[in-house]
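Participant: Pasting the relevant annotations from Swiss-Prot:
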type     : residues      : note
DOMAIN   : 13-58         : domain 'Gla'
MOD_RES  : GLU18         : 4-carboxyglutamate
MOD_RES  : GLU19         : 4-carboxyglutamate
MOD_RES  : GLU26         : 4-carboxyglutamate
MOD_RES  : GLU28         : 4-carboxyglutamate
DISULFID : CYS29-CYS34   : disulfide bond
MOD_RES  : GLU31         : 4-carboxyglutamate
MOD_RES  : GLU32         : 4-carboxyglutamate
MOD_RES  : GLU37         : 4-carboxyglutamate
MOD_RES  : GLU38         : 4-carboxyglutamate
MOD_RES  : GLU41         : 4-carboxyglutamate
MOD_RES  : GLU44         : 4-carboxyglutamate
MOD_RES  : GLU48         : 4-carboxyglutamate
REGION   : 59-87         : region 'Thrombin-sensitive'
DOMAIN   : 88-126        : domain 'EGF-like 1'
DISULFID : CYS92-CYS105  : disulfide bond
DISULFID : CYS97-CYS114  : disulfide bond
MOD_RES  : ASP107        : (3R)-3-hydroxyaspartate
DISULFID : CYS116-CYS125 : disulfide bond
DOMAIN   : 128-171       : domain 'EGF-like 2'
DISULFID : CYS132-CYS146 : disulfide bond
DISULFID : CYS142-CYS155 : disulfide bond
DISULFID : CYS157-CYS170 : disulfide bond
DOMAIN   : 172-213       : domain 'EGF-like 3'
DISULFID : CYS176-CYS188 : disulfide bond
DISULFID : CYS183-CYS197 : disulfide bond
DISULFID : CYS218-CYS227 : disulfide bond
DISULFID : CYS223-CYS236 : disulfide bond
DOMAIN   : 270-446       : domain 'Laminin G-like 1'
CARBOHYD : ASN470        : N-linked glycosylation site
CARBOHYD : ASN480        : N-linked glycosylation site
DISULFID : CYS609-CYS636 : disulfide bond
Amino acid sequence: GHASQVLVRKRRANSMLEETKKGNLERECIEELCNKEEAREVFENDPETDYFYPKYLGCLGSFRAKLFTATRRSANGYPDLRSCVNAIPDQCNPLPCSEEGYLNCKDGQATFTCICKPGWQGEKCEIDINECKDPTNINGGCSQICDNTAGSYHCSCKSGFVMLANEKDCKDMDECSVKPSVCGTAVCKNTPGDFECECSEGYRYNPTAKSCEDIDECSENMCAQLCVNYPGGYSCYCDGKKGFKLAQDKKSCEAVPVCLPLDLDKNYQLLYLAEQFVGAVLYLKFHLPEITRFSAEFDFRTYDSEGVILYAESLDHSTWFLIALRQGKIEIQFKNDYAAQITTGGQVINDGLWNMVSVEELEHSVSIKIAQEPVMNINKPGSLFKPTNGFLETKVYFAGLPRKVENALIRPINPRLDGCMRGWNLMKQGASGVKEIIQQKQKKHCLVTVEKGSYYPGSGIAQFHIDYNNLSYVEDWQVNVTLNIRPSTGTGVMLTLVSGNTLPFALSLVQSTSETSQDILVSVENRVIYQLESISLCSGQQSQLEFSVSRNHLELSTPLVKDVIYSEDLQRHLAVLDEAMKGTVTTYLGGLPEVPFNATPVNAFYNGCMEVNINGVQLDLDEAISKHNDIRAHSCPSVWNDKTNS
């Protein structure tokens, strides 16, 4: 191309030749007129001659023809012919090179050469060289950013970096050191070119306040059922009272599984006597001829040692007759116009077997037979109930007393009776339609088979007031508990002490990580202070757990393990319990009363058999201040036996 020819053209030998040529031009073409041949002799080459001669004729036209005027002069800018002609061979006038990029201009034979400044290229030095794209010097030698500029370039750094003295390399700026308060109360962590304000897990950085703020995970619906947010975290809970427990993911809820199925088969011909915690199961009213004497026959089954079987009274309440159980034996109490009497006797019948009992009023006595064998004969003056208007009218209550009759008895009795009755015949009137009444009511039906014990169905609790103060040391208290348990589910609260809305002590079961075993948890408020792991409690056998706790001592034992627990933490937790024991605590068996769901680690009801001894006293659920109706005080369903496999 043309440009390369320009670059390789031979340079004139030296400035001496230039001077010679200038003198020849003056002589030949300015002082004299020259034709093209004479001009060729001056330049000694064709390109320059061809370039010069037309322009020479132009100068002659301007000046020799006396046409020089102010206008003309201003047009070509030459004052006289000499100036006009001398300027023609100078290819660098007017300047053909880019002013920004050229260093100087070299006149040549009918051409010119632009010498470029560093950073420029092109025939006229009009093209900027992009040093940032130079393959031999990648990125212009800059470590981060190369900025190309007209005729040059410079290096710069990304945000968060500073330029080193060599003006090419960048170094990370440690914002955490430069601006110590940049993150406020959060922790500043320097990163390449930047910094981060870090918060602990469960907190989020607020750039406006420059502080860490607690994330309310509960507002993000993290939990399936119940959620409690606390600074830096959250906990999920499930409604144990509805039979749910927390799943392995600690967020979802799952049904508390049954680990030991029970035989809950019922029969409507068996009347369950403990359906109500207070009051009778049902009552009958008789309106019979006046010659009728009192009689009652029935089959009876119980493990309970005390309670009311039947209570009969006149309509005006003045006369009454009681058939009860005391210490496992039949007791008769009655009061009429003639006498008030009490008799207990016969053999013990609270053996869980069916016993046929008959009570019959004879002319001068009341005869009591068990299995048709006479066991008692009670003398009585006159008839038990006095007829009115030619009729004998009585009310007979099953398994309970009406109103506040307890106070009127000759000897007080706990009326509650966990037992079953079948084949009853009162006043010789047969079943008196009772079967039809109870047939529709599941709750009045008895389990076909039961064992000795107490049963918690996983739906309620029993409440006791127990004084734990040690009588010999007034300042001291002691809780010694023995539990005989046969759980049917692996999760539930067995025993808890409640003070207001808090639970200063609880003993619970939770399903272990293994399907077949359970853990025992001891907790103070909502903290587990001890966990006894992996015991197989759902085997169908009774297991005995013992624990004793005082203000500075906790001991737990099972048939396989005896543990005396001691730790600094334990002392702190026992101090919480000690404080509660100075006030009033209520004892609950089988679950929790209405307290906040997060008051304790486990809130499911206990499901299964359990007998409890506290400080040497066997607790009788009939003596509870209150008890859920479905808790059985003296009977427990048998383990379900798949009849098809046996």
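The backbone N, Cα and C atoms fix where each Cβ goes, glycine too.
Map the listed features onto the structure and describe their local environment.
Facilitator: Confidence over the domain 'Gla' (13-58), given as mean pLDDT on the 0 to 100 scale, stands at 80.
DSSP assigns GLU26 (4-carboxyglutamate) to a helical segment in the three-state reduction.
Cβ neighbours within 10 Å of GLU28 (4-carboxyglutamate), excluding its own Cβ and spanning all shown chains: 16.
In the structure as shown, the Cβ atom of CYS29 (disulfide bond) sits within 10 Å of 23 other Cβ atoms.
For GLU31 (4-carboxyglutamate), no same-chain residue that is 6 or more apart in sequence has a Cβ closer than 8 Å to its Cβ.
Here GLU32 (4-carboxyglutamate) comes close to no residue that lies at least six apart in sequence on the same chain with a C-beta under 8 angstroms from its C-beta.
The DSSP secondary structure for GLU37 (4-carboxyglutamate) is helix. GLU37 (4-carboxyglutamate): 8 other CB atoms within 10 A of its CB, across all protein chains.
All protein chains considered, the CB of GLU38 (4-carboxyglutamate) has 14 other CB atoms within 10 Å.
Listed in sequence order, the residues of the same chain lying 6 or more apart from GLU44 (4-carboxyglutamate) and placing their CB within less than 8 Å of its CB: none are present.
If you take the C-beta of GLU48 (4-carboxyglutamate) and look for same-chain residues 6 or more apart in sequence within under 8 angstroms, you find PRO89, GLN109, ALA110.
Broken down by DSSP into helix, strand and coil, the domain 'EGF-like 1' (88-126) contains 0 helix, 13 strand, 26 coil.
In the shown protein chains, 16 other C-beta atoms lie within 10 A of the C-beta of CYS92 (disulfide bond).
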Participant: List the recorded positions among GLU26, CYS29, CYS132, CYS157, CYS176, CYS636 whose C-alpha is within 10 Å of the C-alpha of CYS218 (disulfide bond), in sequence order, or say none.
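Facilitator: Final answer: none.
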Participant: Measure from the Cβ of CYS146 (disulfide bond) and count the other Cβ atoms within 10 Å, all protein chains considered.
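Facilitator: Around the Cβ of CYS146 (disulfide bond), 21 other Cβ atoms lie within 10 Å.
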Participant: If we skip the immediate neighbours and take only residues 6+ beyond the ends of the domain 'EGF-like 3' (172-213), which ones have a Cβ under 8 Å from one of its Cβ atoms?
Facilitator: 158-162, 231-234
Participant: Can you tell me which recorded positions out of GLU28, CYS92, CYS146, CYS183 are within 10 A of CYS176 (disulfide bond) by Cα, answering none if there aren't any?
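Facilitator: If one measures from the Cα of CYS176 (disulfide bond), the recorded positions that come within 10 Å are CYS183.
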Participant: Cα within 10 Å of CYS155 (disulfide bond) is the criterion; apply it to the disulfide-bonded residues CYS105, CYS114, CYS609 and give the hits in sequence order.
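Facilitator: Of CYS105, CYS114, CYS609, within range: none.
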Participant: Give the three-state DSSP assignment (helix, strand or coil) for GLU31 (4-carboxyglutamate).
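Facilitator: The residue in question, GLU31 (4-carboxyglutamate), is helix (DSSP, three-state).
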Participant: I need the CA-to-CA distance for CYS188 (disulfide bond) versus CYS236 (disulfide bond), whole Å please.
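Facilitator: The Cα atom of CYS188 (disulfide bond) is 32 Å away from the Cα atom of CYS236 (disulfide bond).
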Participant: Within the chain of CYS97 (disulfide bond), which residues six or more apart in sequence place their C-beta under 8 angstroms from its C-beta?
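Facilitator: Sequence-distant Cβ neighbours: CYS105, PHE112, CYS114, LYS124, CYS125.
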